[in-house]
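Reviewing the structure listed below.
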Amino acid sequence: MFRIEILRCTLSQSHPQRFSRASFLLSTWYSQESVSAADNDDDPVLVKLSVAIRDSYKDPPLEFSSFTDCPSIRKVLPSLSVHHVVDLINHNPLSLPQRSIFAFFKFISSQPGFRFTVETYFVLARFLAVHEMFTEAQSLIELVVSRKGKNSASSVFISLVEMRVTPMCGFLVDALMITYTDLGFIPDAIQCFRLSRKHRFDVPIRGCGNLLDRMMKLNPTGTIWGFYMEILDAGFPLNVYVFNILMNKFCKEGNISDAQKVFDEITKRSLQPTVVSFNTLINGYCKVGNLDEGFRLKHQMEKSRTRPDVFTYSALINALCKENKMDGAHGLFDEMCKRGLIPNDVIFTTLIHGHSRNGEIDLMKESYQKMLSKGLQPDIVLYNTLVNGFCKNGDLVAARNIVDGMIRRGLRPDKITYTTLIDGFCRGGDVETALEIRKEMDQNGIELDRVGFSALVCGMCKEGRVIDAERALREMLRAGIKPDDVTYTMMMDAFCKKGDAQTGFKLLKEMQSDGHVPSVVTYNVLLNGLCKLGQMKNADMLLDAMLNIGVVPDDITYNTLLEGHHRHANSSKRYIQKPEIGIVADLASYKSIVNELDRASKDHRNR
């Protein structure tokens, strides 16, 4: 078996030893001399060498040792030059088996003093390719490229130029491009293609195809598109499949304008866009919210006698549902059914999700029943959509029934299912059922996430269960889940409503130390708590603190404070006439009204 390791030593930069003057002149890897054939096929050294190889060669795995132990090979070795090896490859006067010549090349390459040029390796690679030893030929080119490294395409390719008209030269160009590509030297592979055009080689179809495939995985889409246009202009075969792939890549990047250019290029090059071509671009336009272009393409598709398929309708229906254009979505649904197309589960899920989002529960249930009548079975995504729709509508019994039906069908509820139920029951004021669902989650090995914890905390706060809510908050923190602003604010509000503003402020500090920046809503909750306790001085100090850190008070802030000042102006507050203040819009108005309240309070005391 051929091993690159055997030949790798031939590419070293060590100084060669002498076998003969001729071998010394051509013994370096970087030799710029051209390797020419001997003038006479009857060169006695070449004949002796051929006879020695014929008499000593044994089939693998003994091929290498057969030369090492052969006296006739050892005898002719001092007379050999690189020219003789090249002449053996080119002329083969005794018509030796190709494998014996390749085996001898490996042997002689391992001998001190023999360092072949790039051209020599290409000569042998071409010889092997002519005799259909393609794997061995490719391995020689891999050896050349691995030795020369990156940015070597120009210096390596020049060795192929004089071989342009010889048989199998096209194979060598393809193999060289493939080798550079497989080693990740993409610029070198591209340079090989451009040099092949410059020196008028045939288009390296295999090399270009391999390079294009690699670029699809690694390179920016714009670079791939430019290279594809370049090879098409050189004569690379047209393929609408490649255009479709490039369109899809541009669409995924959100670059719809370049995707349109690719689509337009299909017809410019006298190709017919396929249904995949149209669908790719329609879907791209729909994802960026350009429904007009999506429908324009559908019309163009029908005009060109390309029938829209289920995917076409699915993309457009999904876009209509996202824009809450449910009538239009159902119109397309009816159209596709009339054309004999069978809606799939994706389309039904899209419609059901659209109705769920809009709170159209009856239409959601109607679409669900249609789906079942078509023999389609819901997946976990659709079940979760139904559960969410029922929970948002407050129909918790129906939501629970959907989950029970899902379990009977052998589908296990996931985190989204349970979290949606917990949130629904907490919003509905049934925290106990939510806690039971949480236990069910634990039994099934599903951990509660931020949404689930927040729902429980908020639900408990609404019911005034502040101790349980704080316990859930601490559990949330122990699980490594950071509460959001809403959760902290709900906790503060619950404690303040219980008259415990002090704990509310502790939670504020905890919230700030966790990296949160409290909003005006959070401060309003605390201000309301202080005002209800009659701590108006502390409330005004909190207002100043808000202003100092850049939190802008809103109407609720000022009106909460005014209510507090009016209520707690003095113990005889019932005798003070509350000003008709309406909505206070700024700090100056607030201070003016507070001063008015203070004056009224003093006047009352002085009577």
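Just so you know, glycine gets a Cβ as well, placed from its N, Cα and C.
Per Swiss-Prot, repeat 'PPR 1' is recorded for 239-273. Same-chain residues lying 6 or more positions outside the repeat 'PPR 1' (239-273) and placing a CB less than 8 Å from one of its CB atoms are 212, 216, 221-222, 224-225, 228-229, 232, 280-281, 283-285, 287-288, 290, 304, 306.
The feature repeat 'PPR 2' is assigned by Swiss-Prot to 274-308. The list of residues near the repeat 'PPR 2' (274-308) in space but at least 6 beyond its ends in sequence, with Cβ under 8 angstroms from a Cβ of it, reads 240, 243-244, 247-248, 250-251, 254, 256, 259-260, 263, 266, 315-316, 318-320, 322-323, 336, 339.
Sequence annotations record features per position, and here Swiss-Prot assigns repeat 'PPR 3' to 309-343. Summarised by DSSP class, the composition of the repeat 'PPR 3' (309-343) is 26 helix, 0 strand, 9 coil.
Helix first, then strand, then coil: DSSP counts for the repeat 'PPR 4' (344-378) stand at 26 helix, 0 strand, 9 coil. What Swiss-Prot lists as repeat 'PPR 4' is 344-378.
Sequence annotations record features per position, and here Swiss-Prot assigns repeat 'PPR 5' to 379-413. Sequence-distant contacts of the repeat 'PPR 5' (379-413) (same chain, six or more residues past either end, CB-CB distance under 8 Å): 345, 348-349, 352-353, 355-356, 359, 361, 364, 368, 371, 420-421, 423-425, 427-428, 430, 433, 444.
The repeat 'PPR 6' annotation in Swiss-Prot covers 414-448. Beyond its flanks by at least six residues, the repeat 'PPR 6' (414-448) meets 380, 383-384, 387-388, 390-392, 394, 396, 399-400, 403, 406, 455-456, 458-460, 462-463, 465, 479 of its own chain at Cβ-Cβ distances under 8 Å.
With a cut-off of 8 Å between Cβ atoms, the residues of this chain six or more beyond the repeat 'PPR 7' (449-483) that come close are 415, 418-419, 422-423, 425-427, 429, 431, 434-435, 438, 441, 490-491, 493-495, 497-498, 500, 511, 514. Here Swiss-Prot flags 449-483 as repeat 'PPR 7'.
What Swiss-Prot records for 484-518 is repeat 'PPR 8'. The list of residues near the repeat 'PPR 8' (484-518) in space but at least 6 beyond its ends in sequence, with Cβ under 8 angstroms from a Cβ of it, reads 450, 453-454, 457-458, 460-462, 464, 466, 469-470, 473, 476, 525-526, 528-530, 532-533, 535, 551.
Within the chain, the repeat 'PPR 9' (519-553) has long-range Cβ neighbours (under 8 A, six or more residues past its boundaries) at 485, 488-489, 492-493, 495-497, 499, 501, 504-505, 508, 511, 560-561, 563-565, 567-568, 587. Residues or ranges marked as repeat 'PPR 9' by Swiss-Prot: 519-553.
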Which bits of the chain, at least 6 residues beyond where the repeat 'PPR 4' (344-378) starts or stops, bring a Cβ under 8 A of a Cβ in it?
310, 313-314, 317-318, 320-322, 324, 326, 329-330, 333, 385-386, 388-390, 392-393, 395, 406, 409
